[in-house]
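Now, the feature entries from Swiss-Prot:
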- 5-24: transmembrane segment (TRANSMEM)
- 34-51: transmembrane segment (TRANSMEM)
- 58-80: transmembrane segment (TRANSMEM)
- 95-114: transmembrane segment (TRANSMEM)
- 121-138: transmembrane segment (TRANSMEM)
- 153-170: transmembrane segment (TRANSMEM)
- 177-199: transmembrane segment (TRANSMEM)
- 212-234: transmembrane segment (TRANSMEM)
- 241-263: transmembrane segment (TRANSMEM)
- 273-292: transmembrane segment (TRANSMEM)
């Protein structure tokens, strides 16, 4: 593993780590955030396709790629709604934990990962540690009824949103399409869902004409940059799938800390310390789930 590979592997740290913070900083409603983010991703995907000469896939590969992108957009809409309740610094560790659980369980029961009793025990213990780590990141010294209510609502929302993220990762596996080939149709699927969602919310304002929607395209560039660098990092001649995945998960640390310090989502010193320990537990346990043979 060389220096260039590590740099590329840390691309998702910056892209996915800053994406929720930038989206929250620009503000607006979830409809503005999802519309701008998906348009930004589509622009990035079109430029990449033109640069590399990648055309749209055909047949079921196209269908499943579109479904994949639609799943992500659904999950991200739900996540943006959770941001409104508890802030990105608290929502991101939870949704990351749920995504890790979803991906791991799918791998075990559908793809045959973690063969053998010992590996399964280690894997499920690691998943338990991930849940404990996520719980630590939302711990508060003062028990406020409104916060507890919002947190419960956010957790339920993020559980529902995990369905979309699972579709995003699982749908392309139904075909042999590569990540680069799927990137553009995934972005198209994202935009389709965002446009439908915007049309459904026209009574609350025209997201297509609101300035903040177009400002949010910048957040989409960050998401797309992360997705692209992850695809490159996961290639065998770079970091490989397992190491690339672990490096990409460091984004939850940046997303959480930038939410705390740049979005003024304040924590006490004790809460911050426990949050950091929780993040470390999530990263360590996530690494274990990937490297189980």
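Here the Cβ of each residue, glycine as well, is placed from N, Cα and C on the backbone.
Here the structure is a predicted model, which means the values were calculated and not measured.
If you look at the transmembrane segment (273-292), the same-chain residues 6 or more away from its ends with a CB under 8 A from one of its CBs are 93, 96-97, 100, 104, 113-114, 119, 122-123, 126-127, 129-130, 132-137, 139, 242, 245-246, 249-250, 252-253, 256, 260, 267. Just going by CB pairs under 8 A, the stretch in 34-51, 58-80, 95-114, 212-234, 241-263 that sits most against the transmembrane segment (153-170) is 58-80. In terms of C-beta pairs under 8 Å, the stretch of 5-24, 58-80, 121-138, 212-234, 241-263 lying closest in packing to the transmembrane segment (177-199) is 58-80. With pairs at least 6 apart in sequence, the transmembrane segment (58-80) and the transmembrane segment (212-234) have fewer than 3 Cβ pairs within the 8 Å limit; the two do not touch. Note: the stretches the transmembrane segment (241-263) and the transmembrane segment (58-80) are not in contact (fewer than 3 CB pairs below 8 A, sequence gap of 6 or more).
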